[in-house]
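Peer 1: Pasting a structure here, questions to come.
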Ligand SMILES: Nc1ncnc2c1ncn2[C@@H]1O[C@H](COP(=O)(O)OP(=O)(O)OP(=O)(O)O)[C@@H](O)[C@H]1O
C-alpha cells in the first residue's frame, strides 16, 4: 500500500510539473512528460506483496482505482487543453509568417502597441447552423485548408482562384462564396474565429427577465423574417442595436438566443480581436465579415465590447490602425443598412461602458438599450432555474434569498448557487476519508440536499461584482441617448 501511495503521489507531482510547463509555454517538454506519464499510469500494476489480508487488499484496490481514474481524467483534460493552446500558438505563428511573407519584410509595426499586445487565443472551431429553408453543412476544413499552406501561400500558388474552397460551406441556396479577392489566411481567420456560429438551441424563454429587450429583438430580428411584407417603407426593420449594461447581465446570452430563435447565422467577434490581432489586415477582415454575413443571411453579427472598436474618434490615444478599422466598420454598417435589404444582416453590439462610444457609431445603432441588473423577481427565478436538478431542502426560502442578492448581476446569482451547491461538501469531513469510505461518502453526498446554511455560507463568499458607479453611469448614458 505504501509503495502504491508513493507511486501515485509521484504521478500527481509529475502531472503538476507538466501543468506548470504548459502554463510557462514549454509545450514540447510538457508534451514529452505527459506522454511518458500516461504510459506509466496505464502500465502501472498494483502491488500485492505488502498486503496482509483480503480486506486491506480490497480497500487499497478501491483507493488505487479511485485515484488512478481521477489522474487519468486529469491528464486527458490537460493533454486536450495543451493541444488546443498549441494549435492556437501554431495558427498565430503561421498567420504572422504568412503576413510577413506577403508584405516582403518582417513587420516594423507602424503601431507598436497594437502589434506588441497579443490578444488571448481565439476560438478555432466554427460550425454553421441550420438556416431557414435548409441546412448549411458543417465545414470540414480540407487537409490543405487546415495546414500551414492554407495560411501561407507558396510562391507558385500565391492566390488560389477561390481561397474559400474547402474553408467555407455553401450557403442555403447551395452557392459558394467567391473569396478570390482575399488571401486564404484572411478567409480562414474569419471562418475560424469571427464567423463562429451558434449551435445552441437556446430560446428567448431561456433568458430570465428582460421582457422589453426580448420584445424589441423579436420585432427587429425574428418578425421581419417571418412576415417581411409587413416590414416595408416606414416599418422597415431596425438594423443595429447596442446593449449597454453591467457585466454578467446576459447580453451575450440574449444575442445567442435571438440568433438561435430567428435561425440566423451568428457571427460573434470581440472588437479587441479586430483592432489588435491582425495589424494591417483588420479592415479586410471587417469587410469579409460583413460580406459573409450577407452571403449567409439572415445573419446576426454580434460585436462584444464595441467600445474598444468604437471609442471616441480623434482621441489623442487613438492609433491610426484602430481609426482605419473603425472607419471600415462604419462603411460596412452603412452598406449592410442600405444595399442589402433582402439579405438581412442585423448588427448587435454590447458594451459595459457606452459613454466611450464614438458619436458616429452611436448614431448607427438605432436602438440603444439599457440592460439592468436583474430585479427581485428575476433573481428569484434565476435561483430557482439554477438549482433545478440539484437536490434541495424545503427549508430554502427563495424570496428571502432573492432579497439578499440585491445588486447582484445574473452571473453573480448563478455563481452564488454553484457555491451553495458545492458547500454541501463542506458539511462533511471528506479530508479524512480514503478509498471505499470516500467513494461511499461521495455517493451519498450526491443526493444530499442543499440547505439554507449552504446558501448562508455562499453569501459570505460571493458578492456583487458590479460597481454601482459604473452601473449608474451606464444608466445615465442610456437615459440621455437610449432608444427602446
Ligand atoms: N437574464 C439572464 N437569464 C439567464 N441567465 C443569465 C441572465 N443574466 C446572466 N445570466 C447568467 O450569467 C452568465 C453570463 O452572462 P453573459 O455572458 O451573457 O453576460 P454579459 O452581459 O454578456 O457579460 P459581459 O459584459 O461580461 O460579457 C450566463 O451564462 C448566465 O448563466
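Backbone N, Cα and C define each Cβ position, glycine as well.
Bear in mind that TrEMBL entries carry predicted annotations, made automatically and left uncurated.
Dumping what TrEMBL says about this protein:
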BINDING   245, 246, 247, 248, 249, 250, 251, 252  ATP binding site
COMPBIAS  142-156  compositional bias 'Low complexity'
DOMAIN    237-375  domain 'AAA+ ATPase'
REGION    96-175  region 'Disordered'
Peer 1: Tell me which residues of the chain lie with their Cβ under 8 angstroms from that of residue 247 (ATP binding site), as long as they are six or more apart in sequence?
Peer 2: 352, 409, 411, 465, 466
Peer 1: Can you tell me how many other Cβ atoms are located within 10 Å of the Cβ belonging to residue 246 (ATP binding site)?
Peer 2: 25
Peer 1: For the ATP site given as 245, 246, 247, 248, 249, 250, 251, 252, which other residues of the same chain have their Cβ within 8 Å of the site's Cβ centre?
Peer 2: 243, 350, 352, 371, 409, 410, 411
Peer 1: Where among the binding-site residues 245, 248, 250 do you find the Cβ with the fewest other Cβ atoms within 10 Å?
Peer 2: 248
Peer 1: Just name the most isolated of the binding-site residues 249, 252, going by other Cβ atoms within 10 Å of its Cβ.
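Peer 2: Comparing Cβ neighbour counts within 10 Å for the binding-site residues 249, 252 gives 252.
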Peer 1: Can you give me the average pLDDT across the domain 'AAA+ ATPase' (237-375), rounded to a whole number?
Peer 2: 81
Peer 1: How many other Cβ atoms sit within 10 Å of the Cβ of residue 251 (ATP binding site)?
Peer 2: 25
